[in-house]
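Q: Before I ask anything, here is the structure I am working with.
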Amino acid sequence: MSPQTETKASVGFKAGVKEYKLTYYTPEYETKDTDILAAFRVTPQPGVPPEEAGAAVAAESSTGTWTTVWTDGLTSLDRYKGRCYHIEPVPGEETQFIAYVAYPLDLFEEGSVTNMFTSIVGNVFGFKALAALRLEDLRIPPAYTKTFQGPPHGIQVERDKLNKYGRPLLGCTIKPKLGLSAKNYGRAVYECLRGGLDFTKDDENVNSQPFMRWRDRFLFCAEAIYKSQAETGEIKGHYLNATAGTCEEMIKRAVFARELGVPIVMHDYLTGGFTANTSLAHYCRDNGLLLHIHRAMHAVIDRQKNHGMHFRVLAKALRLSGGDHVHAGTVVGKLEGDRESTLGFVDLLRDDYVEKDRSRGIFFTQDWVSLPGVLPVASGGIHVWHMPALTEIFGDDSVLQFGGGTLGHPWGNAPGAVANRVALEACVQARNEGRDLAVEGNEIIREACKWSPELAAACEVWKEIRFNFPTVDKLDGQE
């Protein structure tokens, strides 16, 4: 055999299956600043050692396959393979452990969340040797972060565009979410905006259905925006949902929104997909549109504690892909959300640098290297009695969104909006005066009721409403 045709097999290639840990478990490895780091919650099948399971995750999410192949000899596995570099037990869980995996940056296409997730949370989640697998956190290195545009505008630019400072923004999702005609929908938008809200919102499943085509909705909502702006002297917006069946149609809807001169559009980033979302985010930056992101489908992925992907990972992915707002739970409303865990990923959305803090579920220090921040949106089962807690939990850089908590007011949409605005202004003023919202919240709301009949009526309607259910996805060590 000539040297030109010599194969790996002829110089010692050995076919067959070998244990993953022989190649992919490397506890001596020192991580690099350019590595993408992942923390997986691994539940191996009975009889599978933790080291083998962790190595299997590293292999199947990077360069490995189920058997040895001769083409391994045509590249440098040592350069490209993922490495399980540390394993630790999970408190209170005998069958689970956390496996830390480092991925070389060269494994990923620049500026592509789609490609990053295809590797890290791809086929490995169906691997038979694992009973369950969950991605708890990712460390995105600055070298990779810098390949993304990120949010179209970010928190400070949004405040400058809207001329709104020193308080959370107020929103409302129009209800019923499906079934209204475009004209009646626009009327509901107008009533909410003139009552004092900053934004109204399409529900996530409002796209372009037979009862209300998208173009008609956009036109009537634009009319509502301009009319309410003229009456109040404040800049208003409505999240026009541009989500569509194709990227081309999505961009067409965003173009029409820009032509109408409205300030913001919306996208369902998980059902629409990261490729579509990044495309829309780029269009929004180039054309001066803010981008509101809904997380429909997230609970399919993130709610179960032992399998899937934690929302903090989806939040980081959204900041890379692009969005100026994203729904982030409420802690106090009808939807799932542990307080410390929620505050952890809220910081990951807003702040430029976030230290590792396992008490809040943050496994890695994250440096965003000046990537614009994202406003967290608190939405789902909240009303005026929640306003002190929401203001205290989320702070000024947030959007507090009341759907039923606005439209369910006994006097109508505009009085419902007035009630929310009065409650918010009262809470912000009390906080600025040094009062403790966590302790005095109810008293602050009762005081405001004395000079706002709209707020008093809202407080009477919702005084007994509670959503007292335990959180499913708790941090480790919590009972």
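In case you wondered, yes, glycine gets a Cβ from its N, Cα and C as well.
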Q: Among Ser76, Ser228, Ser379, find me the residue Swiss-Prot lists at the same substrate site as Asn123, Thr173, Lys177, Arg295, His327.
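A: Given Asn123, Thr173, Lys177, Arg295, His327 bind substrate in Swiss-Prot, the matching entry from Ser76, Ser228, Ser379 is Ser379.
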Q: Hey, how far is Thr330 (phosphothreonine) from Ser208 (phosphoserine), Cα to Cα, in Å?
A: 28
Q: Give me the largest Cα to Cα distance among Asn123, Thr173, Lys177, Arg295, His327, Ser379, the residues the record lists as binding substrate, in Å as a whole number.
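A: Output for substrate binders Asn123, Thr173, Lys177, Arg295, His327, Ser379: max Cα distance 37 Å.
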Q: Pop the Cα-Cα gap between Lys177 (substrate binding site) and Ser208 (phosphoserine) into the table, whole Å please.
A: 13
Q: Need the DSSP three-state call for Lys177 (substrate binding site) to compare against my parser.
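A: In three-state terms, Lys177 (substrate binding site) counts as coil.
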Q: Of the recorded positions Lys175, Lys201, Asp203, Glu204, His294, which sits closest to Asn123 (substrate binding site) by Cα distance?
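A: That would be His294, the closest of Lys175, Lys201, Asp203, Glu204, His294 to Asn123 (substrate binding site).
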